[in-house]
Amino acid sequence: MLGFLRKPIVVTAEINVNLVALTVMGLISRLWGLCYPRAVVFDEVYYGQFVSLYMKRIFFVDDSGPPFGHMLLALGGYLGGFDGNFLWNRIGAEYSMNVPVWSLRLLPALAGALCVPLAYQILVELHFSHCAAFGAALLILLENSLITQSRFMLLESILIFFILLAVLSYLKFYNLQRHSSFSGSWWFWLLLTGVACSCAVGVKYMGLFTYTLLLTIAGLHFWHMIGDQNLSNVSLLCHFLARGLALIIIPVVMYLSFFYVHLALLYRSGPHDQIMTSAFQASLEGGLARITQGQPLEVAYGSQITLRNVLGKPMQCWLHSHMNTYPIRYENGRGSSHQQQVTCYPFKDVNNWWIVKDPGMQQLVVSNPPRPVRHGHIVQLVHGITTRYLNTHDVAAPLSPHSQEVSCYIDYNISMPAQNLWRVEIVNRESDTDVWKTILSEVRFVHINTSAVLKASGLSGASLPEWGYRQLEVVGEKLSKGYHQSMVWNVEEHRYGKSQEQKEREVELHSPTQMDISKNLSFMAKFSELQWKILTLKNEDTEHKYSSSALDWITMDTNIAYWLHPTSGAQIHLLGNVVTWASANAAALAYTCLSLWYLIRRRRKIYDIPEDAWQLWVSAGGVCGGGWAVNYLPFFLMEKTLFLYHYLPALTFQILLIPIVLQHLSDHLCRTGLLKSMFSALIVAWFSSVYFAYCTFSPVTYGHPALSTAELKDLRWKDSWNILIRKQ
């Protein structure tokens, strides 16, 4: 039984020393002095706020992209024991002792470090030499801009890591395709491709560019498989389903899971709630949930309600009225109805309460049992405090003369009868018999006499003058003008009215409200709303001191000052390795020119290089050149404030193209031993200049050591660079 002990147990392992060395160098370059500076650096002021909100479980919306990247940054804070208590109010602010700076910056730094060995492996999988792969990794290692971006609490290094991981995984999967389809390794790399693509998109929507590129490459590869007569129809179907599962279904499921975790973590009400619908707000702990807890769900005749406009931007507001009337004549001499003002008020107030009345009955209380209001029912809306009826008529609105004035009717005993009947239309109904529900139903009020729709027009224009207390205008808009969210309202606060007498009713309206609405909102409903807000909610884009155009990036005519020491000349800039950037541009140009030359020659049946070398050249260009194009060209179509760091994913692919072009030139254009030796010497000299540029700009990459004024001026290799020099 113990015979196996007679021989020693031997474990044999292959260790790629190149890979180990590159990984160690990458870790040293990114992790060295990670806590320096112990101050807020550039966009850390932006992402830090979200980390604090995660720590406190407070809901927020960031219109810059999905939540996965933010959650990774928050994970760093959680691992470091961060309590979220820090005021991220300005760049350069010193971190307090409770902020775990090293932990917060750790994950971006690790991601940036691992990009170095990933670059090496990608070129190996593209079937280039280990020497070329090693050169590509060293270029990534010595790229100053990538070092700077990965040493702080920023997302670009994490994005680039997942992009490169997706590319490497797909290449490994594809190389296994020929001899070990459906093996364990084959499945592992295929599934990892989908996971990495999903993570890239989850960090920033820029990840979609590389994801689309890989889907395109996978589609082309599968198209070639269809022409393989050795594969049966069943085998092709299995390949198709495997790719669909790994590259489409799994990324979609993972993308949803990011939001699921995000919403599970952020369950408390916060400052971003107001841009969400009332139903979403009510699903959060605190805030509106405290008000709506226990409210009746179905709106009935006699219900006391507040009506919030669904648009909610630039600010939320509620249908409102007060005792004051419209002026007899406006500033331009135009006359009004002199009826009681109706506005949209951006604060909670007792004058926001309305009573839903049955036009055929006088009572203003809910009957027993309650009679629910349904889609298509005709109602009157009675202002709770003044008991006047919501009314509109053929009188021009104060600020929007093309629309009808909305008022609360005052009987002046003149030839202007009340027109106060409104039809309830539930916009998000499932059937034409739907009941009007608190928070959940989005409704329009269509005026019976004129077919005008109740609309908060002030949300897109100016507020009323002093006589209207600077509140927002409400008008009756003709249906022919089209649909807009400013025409849609939902019941936010709701109680069943019990008091028929006005004085008792006023006391009731002043008291707080008391069915849990939150349980009616599913994850998919919350996801759909949050996703829509992320895609459509845009901050006011203002010109930033360090913003730039996509054309400035190629030649690095711009830089970004990330941090400046308060007393010394120490500073950190986003500046690239000048030699590497110029070489990357030259490599891209050389690849394009050579490809066109080969194509023209091949059209003439002249084959300058062997077919396998041509296929290698095309596939490498498709991955690296295509990666540069898809991550760069879309920025010319974007209407947003752009910065140099947006170019870093494209730059990474362009850098990988450099050793590809160099090896091709060495293998196929240097025909003699002398030429090869001269070419190798040039490469050594060129690489020495890359290292020299890296060392030259290291002080503004790491912020150490502090440079004198003269040394800082010497670093200004381009007039367009904004190197910060203190006035003496």
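Counting begins at 1 with the first residue displayed.
Note that Cβ sites are derived from N, Cα and C of the backbone, with glycine treated the same way.
Residues 106, 109-110, 112-117, 120-121, 130, 133-134, 137-138, 141, 147, 150-151, 702 of the same chain lie 6 or more positions beyond the ends of the transmembrane segment (9-32) yet place their CB under 8 Å from a CB of it. Annotation source TrEMBL lists transmembrane segment at 9-32 (among others).
The transmembrane segment annotation in TrEMBL covers 68-88 (among others).
Annotated transmembrane segment per TrEMBL: 100-120 (among others), in sequence order. Remote same-chain partners of the transmembrane segment (100-120), defined as residues 6 or more beyond its termini with a Cβ less than 8 Å from a stretch Cβ, comprise 18-19, 22-23, 25-27, 29-31, 34-35, 38, 48, 51, 72-73, 75-77, 79-82, 133-134, 136-137, 139-141, 146-147, 149-155, 157-158, 160-162, 164-165, 168, 652, 655-656.
Residues or ranges marked as transmembrane segment by TrEMBL: 126-142 (among others).
Taken from TrEMBL, the feature transmembrane segment applies to 154-174 (among others).
Per TrEMBL, transmembrane segment is recorded for 186-203 (among others). Long-range contacts of the transmembrane segment (186-203) within the same chain: residues 65-69, 72, 155, 158-159, 162-163, 165-166, 169-170, 172-173, 176-177, 180, 210-211, 214, 242-243, 245-248, 250-252, 254-255, 258, each at least 6 residues beyond the stretch ends and with a Cβ under 8 Å from a Cβ of the stretch.
Long-range contacts of the transmembrane segment (208-226) within its own chain (CB-CB distance under 8 A, at least 6 residues past either end) are made by residues 163, 166-167, 170, 174, 177, 193, 197, 200-201, 236, 239-240, 243, 247, 251, 622-623, 626-627, 630-631, 634, 649. According to TrEMBL, the feature transmembrane segment maps to 208-226 (among others).
According to TrEMBL, the transmembrane segment annotation covers 246-267 (among others). Packing against the transmembrane segment (246-267) from elsewhere in the chain are residues 53-54, 57-60, 66-68, 70-71, 190-191, 193-195, 197-199, 201-202, 211, 214-215, 218, 284-285, 523, 526-527, 530-531: each is 6 or more residues past its ends and has a CB under 8 Å from a CB in it.
Looking at the domain 'MIR' (296-359) alone, the prediction's average pLDDT is 89. The domain 'MIR' annotation in TrEMBL covers 296-359 (among others).
For 370-427 (among others), the entry in TrEMBL reads domain 'MIR'. Across the domain 'MIR' (370-427), DSSP helix (H, G, I), strand (E, B) and coil residues number 0 helix, 26 strand, 32 coil.
Residues or ranges marked as transmembrane segment in TrEMBL: 578-600 (among others). Beyond the transmembrane segment (578-600), the same-chain residues lying 6 or more positions past its ends with a Cβ under 8 Å from any Cβ of the stretch are 139, 142-143, 554-556, 608-609, 614, 617-618, 621, 625, 628, 651, 654-655, 657-658, 660-662, 664-665, 686, 689-690, 692-693, 697, 717.
What TrEMBL lists as transmembrane segment is 642-662 (among others).
Positions annotated as transmembrane segment by TrEMBL: 674-694 (among others).
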Maximum Cβ pairs under 8 Å to the transmembrane segment (68-88) among 126-142, 154-174, 642-662 is reached by 154-174
Among 126-142, 154-174, 642-662, the most Cβ pairs under 8 Å with the transmembrane segment (674-694) come from 126-142
Its residues classified by DSSP, the domain 'MIR' (296-359) shows 3 helix, 30 strand, 31 coil
